[in-house]
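Okay, so here's the structure we're looking at.
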């Protein structure tokens, strides 16, 4: 630069050395941002500041003079360069051109070039130039690395900047195209891009007319370039060099009004003290110095093709050794960039993961980073809890301070002051000499008959008073257009758009007449009506199922003589012989042995009852599997995996149909009554969703819109859990946390309403006769203690381990069922498992009874009226404590017998549930999981209870479990264990805790439940992130994108899109030159769900997207209802028909079935972003483009295959459909 400025005779700026010092400062302080990261340029030519192009031009001038013109000028016809892009018209041979490139790359400079040598075509800047038939043709060219993002009209840029942008872009398109047809195509594409970015047609039409007029008049644009060179630089207070330069050259700078104004505005102290003996204010300033400089003219345009690293070193853009303060932060009252923050966190996590393999220290750092979130949550909980306690104590003290003070210590509140007062009694609880009111302390009086002090505040209140349809391609709607085929995914964006159009149409019509207004009201209230009907029907079915299960379960052991339809409990309600001491004495109820051989005891009676128990179980299970297999195959299983998949947008016809509802309701009663290790809670969700689908079909608002239908199904899922557990709030949270894919706020309210109606209906039926919604409702009267958190956490660990074991074993067994002959004999499998279950269950009283009754007994606290073996304690005859406060007692023989029987029952339940879940019958998993956890929890609870009783002097029991106290509640341990096991299997957390405390009727035990649920999830997640429902979704190959999964791989859209290299080209439709026969042939020869529509096969410019199903329906209806449509008819997707010969057949316009705004991404979009888009927008497919040209397509299945491949799984092993 010194040489250049010295040589030129036109330079008349400041001293050259001063200019070079400013230049050096700008280069050395060059921080710049690339994508999402900040860099400091340490070597080479600065490309991150505004003066870099001038500096590069100066450098290249010297380079060209020495290495190009001096050696090869004779062979250069024309030479053009723009910064680092060079275009040469060459006189010599190709070999001589290659020699030029070799000379440049072999020079002792940091310049390195890559070349593109061709005889008749090349790309230069934004032009593609070629020689055709002796003349030069050119068109606009876009580099693959260019983003081409246009400024949005709603941005905060000045209006004149936004208004001038369309003109400049249109002018660029017109200038850079020699072919008129291609020019018009690119103008239309640019027009569409601006429209998508918020520009109005008026602005665009005006800009386009102005651009055409400018080109027609032959007037060229001229810029008013000021002869000033900017020197911008980043700067902070620790940089003394800049301060020194300003101080040294202040006389020169203060003569320039621009510099003086900017510096004084940014740093007032700078002008006052000239930077002498004091630091400049912290922060960043941008000092800009200008000087006159008449540039030496250098003819030509520019190009150095694909310039590599400027100085040949990889250090050109190193990370900063130290982070720049405040980089990556945001200003106050600004919005964060979520995508950028997510990308930064992904990069951070990827860096930590790669470093963790280098050393043990880095591995430990990685572990600490992974656990930092939980540590933060722990600290937040500790601090928030401490602050809440301090606030409560302070509020209590200061509230009492308004009335009096404690003489023991002014820091005591009234209650604390009187805790140990001997004068305070139950009859005179206000007698506390240590506490004195202010009147007692000052005038010696505590009462007054006529002194009233009233403080009042009136708060002023105020009132605020105020007051492109894509589918209608024919005048009348075509049947089945807008619907989906079986085993296909819905288009969420399209469904939402259709519902918005429908709502807008109803709103506009409601102003026309009273009738239309009433129709609008009915449409608005139809959602609540559907919720009401779902709640009533689901609650009624739940009550009927409970009553039927209760009767048929007892039917395996005996029958009621009053009426065979009575269960054991109902039969004995009015029996006079049944007493408290002999509660089993009920002559109206007889076991089968009494009814047949007249004996209730003895070997023969036991064998007969045993045999009939097995036969009834086999009969029930055989009827269930036969009904499912013959009438409704979709009625098998839990239903929750399929419900999750359906709610994510997948179509499974018949899964929520009327036959499925009927058969699942009937067979659910049969399988639960058979004694198999399964429950009705999961299938209850399926039954409720069938009810939701049934009532949705009655209202066109939901029947014709799959997106709206799924809002109803989400609410129905909440209803299913509500009636299964008697937990309306837990049901809503279960739907939100575990099942639903799209859950707007209005669905939350409607779900709550439907769950409330269902719970009220079930309560009205009262199936259990105890005025409760569930059989195992319990209440505890003893609080829990902090020392008990340790066994609660141990139960959480057990739940996590059990969940992992069950998921892996059950999935392995179900996979074996799918891949072997076992799956061909579902009836025999059900019969075999039922027989094994009945044979092993009958001898143990805890496995013989229904699982719900078992859970109820395990949850119950042992009161004075209990007769269970679990409550066979040795009582103290002198005990006179209240019934609800029975102290801990030593275990009797019955408790020890119950312990080993429960241990056997635990082993049996763990094993048999693995083989039962997934058979071709309705099978829920909630109740078996709760039973396993309740058994384990009860065993642990009894153990802790006896340990506390016999070793109450241990340090862990000394403070809270004294002799004669009711310390430990074994039933609470059973409930905590149940929550832990259910959480380990399903990975539920919040909804699980809410369901469990709704069962107990109190919030006091929410902390133990939370501790167990979180621990079980931690332990289970350590072995695998999938819950049982996600595992079955993947086993069945449903296209389900779980929002809980993280995708952190660094792949791009071009790596996933179809077609790939070696595959046939993408099947597309053209906008106006394909016949009906061509389209029908394409549909017949392919099985794609839709086809992109392009301008032509040569240009591949994207127009829109047409669905396969709608093409078929539209063509079929056009042949039937429109005259003149034949196989040779041209199909066009444009507004105006193409120009056709006079004798051509009638064309078919299908523009209105075309999606004119399909979702597109560029080929360089990270797959992390693409996966997020598919998850959050529910896309079926997205198109991949580059500069408007169609490159390929990515479907939901492509995304799933890619995710499987990145997880080291075989992508082709996923069984789609």
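Placed from the backbone N, Cα and C atoms, the Cβ positions cover glycine too.
The following features are taken from TrEMBL:
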- 1-143: domain 'Reverse transcriptase' (DOMAIN)
- 371-395: transmembrane segment (TRANSMEM)
- 525-545: transmembrane segment (TRANSMEM)
- 610-635: transmembrane segment (TRANSMEM)
- 656-676: transmembrane segment (TRANSMEM)
- 712-736: transmembrane segment (TRANSMEM)
- 748-769: transmembrane segment (TRANSMEM)
- 789-813: transmembrane segment (TRANSMEM)
- 825-842: transmembrane segment (TRANSMEM)
- 898-918: transmembrane segment (TRANSMEM)
- 925-944: transmembrane segment (TRANSMEM)
- 972-997: transmembrane segment (TRANSMEM)
- 1057-1121: domain 'CBS' (DOMAIN)
- 1154-1212: domain 'CBS' (DOMAIN)
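Between the transmembrane segment (898-918) and the stretches 525-545, 712-736, 825-842, 972-997, Cβ pairs under 8 Å are most numerous for 825-842.
Between the transmembrane segment (656-676) and the transmembrane segment (789-813) there are fewer than 3 Cβ pairs closer than 8 Å, counting only pairs 6 or more residues apart in sequence, which means the two stretches are not in contact.
Highest Cβ contact count with the transmembrane segment (972-997) among the listed stretches 525-545, 748-769, 925-944 falls to 925-944 (criterion: pairs under 8 Å).
Remark: the transmembrane segment (789-813) makes no contact with the transmembrane segment (748-769), by the rule of 3 or more CB pairs under 8 A. Between the transmembrane segment (712-736) and the transmembrane segment (371-395) there are fewer than 3 Cβ pairs closer than 8 Å, counting only residues 6 or more apart in sequence, so the two stretches are not in contact. Contact counts against the transmembrane segment (525-545), taken as Cβ pairs under 8 Å, peak for 748-769 among the stretches 371-395, 610-635, 748-769. Residue counts of the domain 'CBS' (1154-1212) by helix, strand and coil are 24 helix, 18 strand, 17 coil (DSSP-based). The average per-residue pLDDT of the prediction over the domain 'CBS' (1057-1121) is 89, rounded to a whole number.
Sequence-distant contacts of the transmembrane segment (925-944), counting only residues of its own chain at least 6 positions beyond either end whose CB sits under 8 Å from a CB of the stretch, comprise 638, 677-682, 724-725, 788, 791, 794-795, 798-799, 802-803, 806, 846, 851-852, 854-855, 858-859, 870, 891, 895, 899, 902-903, 905-906, 909-910, 913, 916-917, 968-982, 984-986, 1028.
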